[in-house]
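Undergrad: Quick paste of what Swiss-Prot says about this protein:
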ACT_SITE  Asp62  active site, proton acceptor
ACT_SITE  Asn128  active site, for ring-opening step
ACT_SITE  His130  active site, proton acceptor
ACT_SITE  Glu135  active site, for ring-opening step
Amino acid sequence: MKVIKVENQVQGGKVAFEILKEKLANGAQTLGLATGSSPLEFYKEIVESNLDFSNLTSVNLDEYVGLDGDNPQSYRYFMQENLFNQKPFKESFLPRGVKDNAEAEVERYNQILADHPVDLQILGIGRNGHIGFNEPGTPFDSQTHLVELDQSTIEANARFFAKIEDVPTQAISMGIKNILDAKSIILFAYGESKAEAIAGTVSGPVTENLPASSLQNHPDVTIIADAEALSLLEK
């Protein structure tokens, strides 16, 4: 596991973009993508570049259950606004947040992931150490599944909604096994609120109580983080 300390998210995006270019030069075909504020500067680097993504495939980590793709709070909408509209891929797959047939969607998405092995997976990390929407207690051998979101996750995401009652309580997420199946992984972490999770991810015991600690079992993980997120690691 490699840890790269950066000044801020802008520098973090540039560092990640250099890693991406190296992977593409070595034949990467499929990118695993994440939402949230952490990868935004990385996506800006992609959009502003002259790289052609029209022969590449993307798969996203997760999606809320109960939000249509045209809902501004859906992850599909986020990806369209921040990346896909400006830099189209050959194919871009996201879980569909269908409420009535979630189990069928789980099966569909697991098949997509089997058909499109991820070369480089992008991750953020939750305060409780979740990756994707894999909350504490998620088995490390899990594949795509329906998730009941932790209250801490709902509260963290409430800032994007008019009121906390509007935040979805379920999501469809890649499992931890799906994430670990990627050839390479970049995890972004910014801010003091992520410090405890990062300390456990890098140097704590590998435990299902901290989903991101599973990354210690992966051969090619790069953590890009600022001083605040690394503050407990450096003491």
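Placement of Cβ uses the backbone N, Cα and C atoms for every residue, glycine included.
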Undergrad: What's the CA-CA gap between His130 (active site, proton acceptor) and Asp62 (active site, proton acceptor) in angstrom, rounded?
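TA: Taking the Cα atoms only, His130 (active site, proton acceptor) lies 12 Å from Asp62 (active site, proton acceptor).
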Undergrad: What three-state secondary structure does DSSP assign to Asp62 (active site, proton acceptor)?
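TA: Looking at the DSSP assignment, Asp62 (active site, proton acceptor) belongs to a strand.
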Undergrad: Once near-sequence residues are set aside, which residues in the chain of Asp62 (active site, proton acceptor), 6 or more away, have Cβ atoms under 8 Å from its Cβ?
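TA: When sequence neighbours closer than 6 are ignored, Asp62 (active site, proton acceptor) has Thr35, Tyr75, Pro95, Gly132, Phe133, Val147, Ala171, Ile172, Ser173, Met174 within Cβ distance under 8 Å.
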Undergrad: Measuring Cα to Cα, tell me the gap between Asn128 (active site, for ring-opening step) and Glu135 (active site, for ring-opening step) in whole angstrom.
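TA: Asn128 (active site, for ring-opening step) and Glu135 (active site, for ring-opening step) have their Cα atoms 8 Å apart.
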Undergrad: Cβ distance under 8 Å to Glu135 (active site, for ring-opening step), same chain, sequence separation 6 or more: which residues?
TA: Asn128, Val147, Glu148, Leu149, Asp150, Thr153, Pro211
